[in-house]
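Going by TrEMBL, these are the annotated features:
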type	residues	note
ACT_SITE	ASP237	active site, proton donor
BINDING	ARG47, GLY48, ALA49, ARG89, GLN196, ASN247, LYS248	substrate binding site
SITE	CYS157	site 'Transition state stabilizer'
Amino acid sequence: MTDHIQFSPDQEALVLLDQRILPGREEYFVCRNTQDTIYALQTMVVRGAPAIGVTAAYGCYLASREVDPADAQWKARLEKLLKDLEEARPTAVNLRWAVELMRKAWHALPDLNLEALRAKWLEMAREVHAEDIEINKAMGRHGADLIDDGDTVMTHCNAGALATAGHGTALGVIRGAWEQGKKIQVIANETRPFLQGARLTAYELHKDGIPVKVACDNACALLMQRGMVQKVVVGADRIAANGDAANKIGTFGVAILARHFGVPFYVAAPASTFDLSTPTGAGIPIEDRTPREVTHVGEHQITPQGVGVFNYAFDVTPAELIAGIVTERGVIRAPYVENIARIIGGK
Ligand code: MRU
């Protein structure tokens with residue numbers, strides 16, 4: 001699945017499969033400017049760290065179309081749009097990574113006129129988009145060897161094709177094992193409150209014919225206690241320099257249970273998800289989303305009127321619970337500080 005993020009040259013717009021209404025309806029949301037793109041990111045029309053990065057790269061191009069070369073202030077106005085875009089969601093570092101990539105290319109060529117900058121950014125956004133699929137396939141090849149024939153693999157949230165430009169990170173590893181001919185099964189934790197597991201992971205694996213069952217988030221301990229899970233593979237939104245990994249709320253609990261029951265717990269993420277400027281997971285900002293995602297299922301309110309809720313969207317799994325981090329450059333193992341600095345930081 002790769003048509004969920006498309007740039008339409010005819011419409012001069014970014015066209016996104018609307019993940020808010022999957023699997024019931026397959027409809028597209030069109031972003032024509034920065035505001036549309038920020039709206040799509042914040043309401044999770046598009047979500048998942050690498051997909052957020054690809055969207056942001058096209059968002060920079062759309063921003064460049066909104067400023068007027070005749071305006072003496074166009075550079076300042078463009079920078080403001082980039083800043084707004086970069087701050088659309090706080091946890092997935094791929095958002096900042098993509099905007100920073102575009103910004104650096106712009107600042108490296110300060111004399112570029114706006115027309116030339118637009119052309120450069122569209123070309124760069126297309127490259128980020130195409131490269132992400134290749135990166136995920138490489139991750140799938142490296143990670144496939146961690147999965148044995150006959151394994152049942154648990155995953156949390158959606159780290160699949162929909163969360164990336166295609167193929168997926170955690171689901172890329174699962175697809176890699178499946179393509180090797182291994183007979184595997186997948187347990188998709190439903191992932192309250194946005195239900196990325198129940199709606200999106202189940203949707204894309206089922207579409208590809210990979211056996212998948214959805215489990216309530218709170219079934220994890222029972223399933224592991226009964227020996228029904230051999231591996232866990234999840235994605236990440238940001239990985240600190242010491243290997244602590246932020247991912248969808250609930251991931252940390254799955255990792256603790258996996259340690260308790262002796263189930264290897266792996267994270268799969270591209271180099272762009274590492275944030276070497278953040279030493280440990282304690283420095284990763286955790287998104288606090290609208291209460292409505294918890295108080296309502298669709299239009300239906302499930303909590304008493306006036307009762308407060310928590311809606312932290314992510315948690316941080318300490319590196320000590322992670323058996324390995326699958327990247328496009330290979331599988332990183334402990335000691336994480338040294339190995340991440342060498343493999344990701346090039347030190
Ligand atoms: O809030 P979301 O849906 O953007 O959160 C997504 C996740 O937590 C994914 O597991 C993560 O981004 C990895 S995606 C390949």
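Each residue, glycine too, has its Cβ placed from N, Cα and C.
A TrEMBL annotation is a machine prediction, not a hand-curated record.
Here the features listed in TrEMBL are placed on the structure.
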{"residue": "ARG47", "record": "substrate binding site", "DSSP (3 states)": "coil"}
{"residue": "ARG89", "record": "substrate binding site", "DSSP (3 states)": "coil"}
{"residue": "CYS157", "record": "site 'Transition state stabilizer'", "DSSP (3 states)": "coil"}
{"residue": "GLN196", "record": "substrate binding site", "DSSP (3 states)": "helix"}
{"residue": "ASP237", "record": "active site, proton donor", "DSSP (3 states)": "coil"}
{"residue": "ASN247", "record": "substrate binding site", "DSSP (3 states)": "strand"}
ASP237 (active site, proton donor) to LYS248 (substrate binding site) - Cα separation in whole Å: 8
CYS157 (site 'Transition state stabilizer') and LYS248 (substrate binding site), distance between Cα atoms, whole Å: 6
ALA49 (substrate binding site) to CYS157 (site 'Transition state stabilizer') - Cα separation in whole Å: 12
For substrate, whose listed binding residues are ARG47, GLY48, ALA49, ARG89, GLN196, ASN247, LYS248, the greatest C-alpha pairwise distance in Å: 17
Integer Cα-Cα distance in angstrom, CYS157 (site 'Transition state stabilizer') to GLN196 (substrate binding site): 5
Packing count at CYS157 (site 'Transition state stabilizer') (other Cβ atoms within 10 Å of its Cβ): 29
Cβ within 8 Å of the mean position of the Cβ atoms of ARG47, GLY48, ALA49, ARG89, GLN196, ASN247, LYS248: remaining residues of the chain near substrate: ILE52, ALA92, CYS157, ASN158, ALA159, ALA163, GLY235, ASP237, ALA313, PHE314
